[in-house]
Amino acid sequence: MAVPVRAVTRCWRPAALCQWLRSGTPGCQFSQSTHSSGRDTHFGFQTVPEEEKGEKVYRVFESVAQKYDIMNDSMSLGIHRLWKDWFINHMNPTPGTQLLDVAGGTGDIAFRFINYIRAQREKLIRNQTKSQQNLSWSDISRSYSHDQLGPLMGSQAVICDINKEMLKVGKDKLQRLGYSEGLSWVAGDAEELPFADDKFDVYTIAFGIRNVTHIDKALEEAYRVLKPGGRFLCLEFSQVNNPLLARLYDLYSFQVIPVLGEIIAGDWKSYQYLVESIRRFPPQEEFKEMIEDAGFFKVNYHNLTSGVVAVHSGFKL
Ligand SMILES: C[S@@+](CC[C@H](N)C(=O)[O-])C[C@H]1O[C@@H](n2cnc3c(N)ncnc32)[C@H](O)[C@@H]1O
């Protein structure tokens, strides 16, 4: 096993980014220095020194940010929307839930969460109203008024992502769509989250964890920031369990996706990385063990689309 060989005072993050991360997030733990571990890791199919991966991943998402949403729709033929809907339904959050969505990018998980909470609230009020006899019209309209419980009943979603461009695109998008209440945007690293211990009810990470350099550290951080009883949920590309689909999926991934990336986003390399990074991510059972090693209980997973993606779940008890 390699051991750290030297300490350097170089941070992979450009100085301006470090400064922005610190100024935007009081309590942010980023330091200007990192340890050079002497260890290698993978960046797609390339082998790179560990301390270079973060910057490379940062550049990928900086480059794709403006076209990220349209590329997601084109590459997956819109199926990513169904996976994300399934993910939120599986979470089944209740009004009042405090969500942390790490690697939240352009906010797809957070706005689905807000929609779900709003729908839950409407259902709750409808049921409460129905269960009371002899209500006057003004009683009914009062029970539907937002002032009574607040439209989100105290629920909050914090979207945390390391990439300033992704966050900017997400903020603009959700503002355009009329989402402002209950959402906050924080710049931060999944491996070093700028949040106190035991703070959130649910931690989500969708299509993000395969990009972090140390998955075990990101899992430890997930565990730390969850309240006891809190839930970890991860949506990630995984291993396809149907051999025919696996062949077609490989063909599509390697022959079509980088071409689409070039045509739509003018960026072949970033999409080549995305495809390769999927192949480097541990399969379902192995990832389940990593989640257990981080201390989570009742860990299980569901395959969607024959394992093209999997949803892993665990609890901090
Ligand atoms: C494929 S996008 C997923 C975005 C969003 N969750 C979604 O499902 O559409 C991956 C995101 O992970 C973020 N990311 C990569 N490494 C990260 C890290 N160490 N900490 C936090 N976010 C990270 C990227 O900036 C990018 O926004």
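The first residue you see is number 1, and the count goes up from there.
Here the Cβ of each residue, glycine as well, is placed from N, Cα and C on the backbone.
Per TrEMBL, the features are as follows:
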- Thr106, Asp161, Asp189, Ala190: S-adenosyl-L-methionine binding site (BINDING)
Can you see whether DSSP assigns Asp189 (S-adenosyl-L-methionine binding site) to helix, strand or coil? strand
Which state, by DSSP, holds Asp161 (S-adenosyl-L-methionine binding site): helix, strand or coil? strand
Taking the Cβ of Asp189 (S-adenosyl-L-methionine binding site) as the centre, count every other Cβ atom within 10 Å, in any protein chain shown. 23
Protein Cβ atoms within 10 Å of Asp161 (S-adenosyl-L-methionine binding site), excluding its own: 24
Tally every other Cβ atom lying within 10 Å of the Cβ atom of Thr106 (S-adenosyl-L-methionine binding site). 23
Cβ contacts within 10 Å for Ala190 (S-adenosyl-L-methionine binding site), all chains included, total 24
